[in-house]
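These features come from Swiss-Prot:
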- 76-89, 282-294: NAD(+) binding site (BINDING)
- 96, 106, 134, 224: substrate binding site (BINDING)
- 224, 248, 252: Mg(2+) binding site (BINDING)
- 141: site 'Important for catalysis' (SITE)
- 192: site 'Important for catalysis' (SITE)
């Protein structure tokens, strides 16, 4: 029985980087006889232009039917002034929520070949391997009520709400504990329990659940301290689990420890490990169409798709190994280039990975 993969290139550099990831998918599909069927649709600004909505109903239906979704990136300045409900980012938030993709896995892994690309000293980041588990469908980005109004004194005022219920907290913490159990058995739960009621509940639930994972060492850290510690001594972390907004910020920060956000994939999973896979970076409209974007994060997202979504562990390993081979050869896109390396564009980098496979 064939596996169905829905490809959503999105906006900006999305089409360029996804094209290279599709090359890799098609190559391993044939070579390893994986029997995958690929189909394409629009999300974000591209969907707004095509369907009048950042996520069309028919696209959502196709995503539900697919075994996995591969996404490029969404957003662009040309949609900044339209109705907020129709902006590209709302399509991304909606598809995550409608598919129940509550667990976002973002690895921050430093390839040894790129130690010099990090903004931190090589000895600080050498061997870095962190997994950030971010809650994706609750909290501030989805909380109600939200909106804007004119206050009693005539000022413009805007407001958001940060709610979390116990079941939402428990299911993401379970993912964090399970991932820590598979890795270094250390879990750091990041919150703001000294200020936020939602974080106080989060910390309480984490402490209760720790009793079910005696082999995992649980620690707690306030988000402001976690941001500082990620820069000061990032290798103290193994798995970090946190709520939606904190995870959004910390995972982008962690990405730069590796030298470039263009290297980092992500997986967003539901309760049955069905998910959507995408690079951690955005649509980068400033370089769209120039052929210089780094496709490796999207290619590595394909590896995560095969690993978590399809169970093709050896094929996923082969893709990750091929990326290492390409980096060993000295090929670099502009974002990870350094003196003595060979600068290549998006297509050449994708071709090199396929050749290494």
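One is the number of the first residue shown, and numbering goes on along the chain from there.
Glycine residues also receive a Cβ, built from the backbone N, Cα and C atoms like all the rest.
On a predicted model such as this, the values are computed, not experimentally measured, just so you know.
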Candidates 284, 288, 292: member of the binding-site residues with the richest Cβ shell (10 Å): 284
Near-site residues: Mg(2+), ref 224, 248, 252, CB cutoff 8 A to centroid: 223, 227, 245, 246, 247, 249, 250, 251, 253
Residues that sit under 8 angstroms from residue 141 (site 'Important for catalysis') by C-beta distance, when 6+ apart in the chain: 93, 244, 245, 248
Neighbouring binding-site residues, C-alpha within 10 angstroms of residue 224 (substrate binding site) - of 76, 80, 84, 88, 284, 292: none
Among 224, 252, the one of these binding-site residues whose Cβ has the fewest neighbouring Cβ atoms within 10 Å: 224
96, 106, 134, 192, 252 filtered to the recorded positions whose C-alpha is within 10 Å of residue 288 (NAD(+) binding site): none
Fewest other C-beta atoms within 10 angstroms, as judged across 96, 106, 134, which are the binding-site residues: 96
Other C-beta atoms that fall within 10 angstroms of the C-beta of residue 192 (site 'Important for catalysis'): 20
Candidates 76, 84, 106, 284, 292 (binding-site residues) - the one closest to residue 252 (Mg(2+) binding site) by CA: 106
Number of other Cβ atoms within 10 Å of the Cβ of residue 248 (Mg(2+) binding site) across all protein chains: 19
Proximal residue to residue 292 (NAD(+) binding site) among recorded positions 96, 106, 192 (C-alpha distance): 106
Rounded to the nearest Å - Cα separation of residue 192 (site 'Important for catalysis') and residue 134 (substrate binding site): 15
Conformational class of residue 88 (NAD(+) binding site) under the three-state DSSP mapping: helix
